[in-house]
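Inspection log for the structure reproduced underneath, given as structure tokens.
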């Protein structure tokens, strides 16, 4: 029984990490996909889009610690920053007029067709973009809630007399995981609307799919743990009231079904 609870926590932790990576890494759609060489992750692509912005001329190699590229945020930020040779433009794509020279420069540097980039920019500044960004963050938050609640359930299960807390903690875990599945589905649908046309889904989108599967597995293990925990719960039975012995003086009309017993007589065994 304890193994199902521990496995449920481990699966939820991995799902939370994958969803966090999907949020951070702007590779939901890309011209070239992320590859794994056995010792490192590499990504060499001219264009990659994420939930918070897109990047061009990306050169990433985790084993060498090399991260190159120019990223543009959808919404404006305080300033332009440079970290590990990655330039993040804080101007904000959605604040630019489509007829401006700055927008034209971003379009030409994106390595996409003009019509494709214009359609992508319109979707990136629409409702679907906000929905994608919000939903993936909610998935992470719900996974954290599920992890904490299942940990509470395990601790309560190890302590005697905490069955009530254990039952409610497992219920919170199941609810959080089911909501995480729903929000992950909403995230994938929203990105399918926002994603640039004719571009394949990238590693971050696949990570979210993996997080969805792991959340489902965590839900199954958590449900199994809850069933087993409630099955072995030993609730103290309510004691039945004891009937006092009846004497002849107490039953004047002889209607009692309890055997008569004198005060100095041993209790009758029926």
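Don't overthink the numbers, they just go from 1 along the chain as shown.
Yeah, the Cβs are placed from backbone N, Cα and C, and that goes for glycine too.
Transmembrane segment is the annotation TrEMBL gives to one range among 129-147, 148-166, 205-223, and that range is 205-223. Here TrEMBL gives transmembrane segment for one range in the set 171-193, 240-262: that range is 171-193.
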